[in-house]
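Have a look at this one.
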Amino acid sequence: MKRPASSRQRPAGARLLPLAFSLLLSSSLALTTDQTLRAEAIGDNLRCPICTGEPITQSTNDISREMLRDVREQVAAGRSDAEIYSYFAARYGNFVLLDPPKDGVGMLLWGAPLAALGAGGLVLWRFLRRRPTAAAAATPGPEGDTFDPYLAEVQRRARRGKEA
Amino acid sequence: MLNLISFDASPLGALGQLSLLAALAFTLGGTWLAVVGGVKADARATEAARRAVWAVFALVSLSILTLMAALLGDDFSVRYVAEHSMRASPTWIKVTSLWGALEGSILLWAWMLAGYAFILSLTLRRDALRPWALAAMYASLLFFVGICATVASPFTPLAQIPADGRGPNPALQNHWMMAVHPVLLYLGFVGLAVPFAYAVAALVTGRLSDHWVVVTRRWTLTAWAFLTAAIVAGGWWSYETLGWGGYWAWDPVENASFIPWLLATAFLHSIQIQERRGLMRSWNVWLIVLAYASTVLGTFLNRSGIVQSVHAFAGGPVGPVFLGFLAFLLVAGIGLAAWRAPHLRDEGEPPAALSREGAFLAGNWLFLVFAVMVLVGTLFPTIVEAVQGRRDTSVGPAFYNAFAIPLGLGLLLMMGVGPLLPWRRAEGQGLWRALWPLLLAGAGAAVIAYALGIRGVGVLATVGLSAYNLVGLGLLTGRALRQRGGGMVGLLREQPRRHGAYLAHVGLVVMALGIAFSSAYRQDAQVTLNVGAAPVRLLNETLALEGTREERKPYGTSAIARVRIDGRAYETRMNTYIQGGDTPFPAPAVRYGLWGDTYLVVTAFGEEGRWASVRLIESPLVSWIWWGTLIVVLGAGLTLVPPRRAPARVSALQAAPATD
């Protein structure tokens, strides 16, 4: 996948005019408040293709401005979120999707914390439900910290006393 | 062959390099002595190893002072100074340049590690763990001093000495937080080396009882407090410099500092189970090995350039070396723990679900899931790239927030119930009696918040859980005060550990409220203002551009827009630095308020400064995050204060259901 990175980057000096232009354009595009919020939410989940991990709503370069304007136009045209995301994925690659899709490889990503939650919960539940006899049967290590069984007993009792 | 020293080219560089090499020699010798002291139980070898730490610390101190002198004295014959500093920088930038690039930051790390080892060598008890704890500290030192003296040496000679240096990274000249955040972060990261060293010593000697946990409690808490402060300081830094009005973006390097925090927090709680009940021994060993390894992982991510991040330094030979050390730590730690597994069984009965232990373990479960989530999210794009050969995925805040919000709320829930529960076993009825005021307060607060117009589920839950936590802590403190009699100060002096923990919890509640409100109710708007034009209405403010001007300094230029917002002047800057070309670095003007911040950043200037585009961000309760952190750190500090002996009062002991 070719990233449109270098080819579209313009010298920074040229940033001012397009910015003013795009501001002009975006204000001419009449969106309702709900639509504006929706466009912003979608923009938050689209990565600026030439920055390090910034969404297009935060980045100030031309390509982000263009993409954001594109989002607003598509929102105004009544396209669904999924349609807009797949449009950008087709144009710039899955790379720009900051909210990774929950299919294919993405299932691994979204599934991992859930698997950890489930597995950890199971281990914890089994540990807390373990019968006391099972632990009592466990032999203490042959070389505990204390060589003296009496001292060990005293420590055990002292600990119990502290808990009371 | 690496050319390390040239006496002719740079006397200062040679001095620094020599002291690093000497430190490396003492580290090697000390490692050998410590191992001999451990294997042969030779007290003299152990003592020699202990004293060798002093030499290591002195020599690393000498080299870091040399580098500092070179930076302040603009000695460009020293490689690091030539590459990362310049004459024109203000003095504080020259000081912070010490850790503003790869080699210096590793040297700072090595120096702090040597410093911790030095303090440890002074406070080390004469026990069987002593030689091995020293040996494990030496193993870490060997790595850090080793790479400082060789592949990442700041002192290697230059082919040609330049007239002026290349100057510091422009992104790091923007804010004084640069002086604070990295230092705190390293203090936190490096501090975890000590409990790790003790865990290794406990594993090697097989003396796996609860001694090492008690000995290292202060170290862990200190490291944890530094880590907490460092992470939030980093958030503040990005709030003050990145110009988007946020403080946390789930950037890979931010995540890399957060994972050790999650694991260290889990460890802080689960060692209490071991201390009180002698349980969870193997779990604690695993946790500290993972926590320490995760600090190295974080550094690896930061230094190797394998993840895309705003914070990452350029890649170099150091990445693979760190990966090797990480693998070594994991293999050694896991191998040792597996070898000693038969000795790591707990004595005594396992914890009940309805007990302090049960709550701590449930908290541990959530902390670990949190850490796994952050780790998977951070590494996923890199793994996909490795498998598919191209970078085709990004993981953004949407993923992290989807899990972090429920997990955070779950942790708030456990945080409230933990201190209420007694150790060993709670009676169902007693628990209910203790819990209902909290639940009532939580539900009441959520209803009031709803009535006031708050609709976000996450925010409502945070408000409810905050009230639940605060009422719980208030009731516990009130009861302790009644039972003891006398004032709050006396209570704190008698039970600093318990009430320090309560205070830290209060701080976390304040932070949670700040995070919830500032992320849910942040408002953001942009406008272009003309100089002298009529004021513009934006969000809830009126904005007028009073003027623009430019300030030229030898190291860069600031374009400044002076904007009057509701009668108060804000000066927001756009800085460019001579090393950064045209790349602008915004410096927002922030008016901090208890209930919300007004944040103004300039995004573009018109020709001859006749107009300026600005972005206005208003977010409520942001400063609660900073204040909350201060409370957390104060609480952690309080737990370190040795308790004053209480006059014997048997009845009070029996009456209190919740113990430390």
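Note that Cβ sites are derived from N, Cα and C of the backbone, with glycine treated the same way.
So TrEMBL has the following annotated:
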DOMAIN    B:99-304  domain 'Cytochrome c assembly protein'
DOMAIN    B:323-640  domain 'Cytochrome c-type biogenesis protein CcmF C-terminal'
TRANSMEM  B:20-39  transmembrane segment
TRANSMEM  B:92-120  transmembrane segment
TRANSMEM  B:132-152  transmembrane segment
TRANSMEM  B:183-206  transmembrane segment
TRANSMEM  B:255-271  transmembrane segment
TRANSMEM  B:283-301  transmembrane segment
TRANSMEM  B:321-339  transmembrane segment
TRANSMEM  B:359-380  transmembrane segment
TRANSMEM  B:400-422  transmembrane segment
TRANSMEM  B:459-481  transmembrane segment
TRANSMEM  B:502-521  transmembrane segment
TRANSMEM  B:624-641  transmembrane segment
Between the transmembrane segment (B:283-301) and the transmembrane segment (B:20-39), are there at least three Cβ pairs closer than 8 Å, leaving out pairs fewer than 6 positions apart?
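Counting Cβ pairs under 8 Å (6 or more apart in sequence), the transmembrane segment (B:283-301) does not reach the transmembrane segment (B:20-39), since there are fewer than 3.
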In the same chain, who gets a Cβ under 8 Å from the transmembrane segment (B:132-152) while lying at least 6 residues past its ends?
2, 4, 17, 20-21, 23-24, 27-28, 30-31, 34-35, 37-38, 46, 49-50, 53, 56, 60, 63, 102-103, 106-107, 109-110, 113-114, 116-117, 120-121, 124, 193-194, 196-198, 200-201, 204-205, 316-318, 321, 325
Mind checking which residues of the chain, 6+ beyond the ends of the transmembrane segment (B:255-271), have their Cβ under 8 Å from one of its Cβ atoms?
185, 188-189, 192, 195, 213, 217, 220-221, 223-224, 227-228, 230-231, 234, 280, 283-284, 287-288, 290-292, 294-295, 297-299, 301-302, 360-361, 363-364, 367-368, 370-371, 374-375, 377-378, 418
Averaged over the domain 'Cytochrome c-type biogenesis protein CcmF C-terminal' (B:323-640), what pLDDT does the prediction give?
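Result for the domain 'Cytochrome c-type biogenesis protein CcmF C-terminal' (B:323-640): average pLDDT 90.
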